[in-house]
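Inspection log for the structure reproduced underneath, given as structure tokens.
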């Protein structure tokens, strides 16, 4: 089963993905994939990092600066992103009970290797929890269960998705 979560920036998509990954892991299941976090300096967002859920390895996804490829004010570090994300997704396909991808978005789409890995995940029978950039919702909504996260519903969405995933994994 695939679960896709979207919402406005800062609503809690990454927090939801991390909380669900932690809870599923606590139940004794293997969780793999990636989480993307903001990098902040002096209270300002200066970039993004990617973290492998199974190893904790960190790579840089984007930073404020000069260079290419760009997305808005950010330079995308395709090599830094791929160094962590591609092996993490490959390992998750081989051995995880749940794959988490945070986020499917325009920055990640600058990587052809990520697009290939995402395609393999979507073709697999693995359970997937993915956060999706709001501009890409229409592309992924038909592929699984879809949730629009808001401050008002985020606790209910967390409980619903967690309950569904735990139920699916316990059926195995």
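Including glycine, each Cβ sits where the backbone N, Cα and C put it.
As annotated by Swiss-Prot, ATP binding site applies to 7-14, 98-105.
On the structure: features taken from Swiss-Prot.
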residue: 7; record: ATP binding site; CB count, 10 Å: 22
residue: 9; record: ATP binding site; CB count, 10 Å: 9
residue: 11; record: ATP binding site; CB count, 10 Å: 18
residue: 13; record: ATP binding site; CB count, 10 Å: 25
residue: 98; record: ATP binding site; CB count, 10 Å: 25
residue: 100; record: ATP binding site; CB count, 10 Å: 25
residue: 102; record: ATP binding site; CB count, 10 Å: 26
residue: 104; record: ATP binding site; CB count, 10 Å: 22
Which secondary structure state does DSSP assign to residue 13 (ATP binding site), in the simple three-class scheme? helix
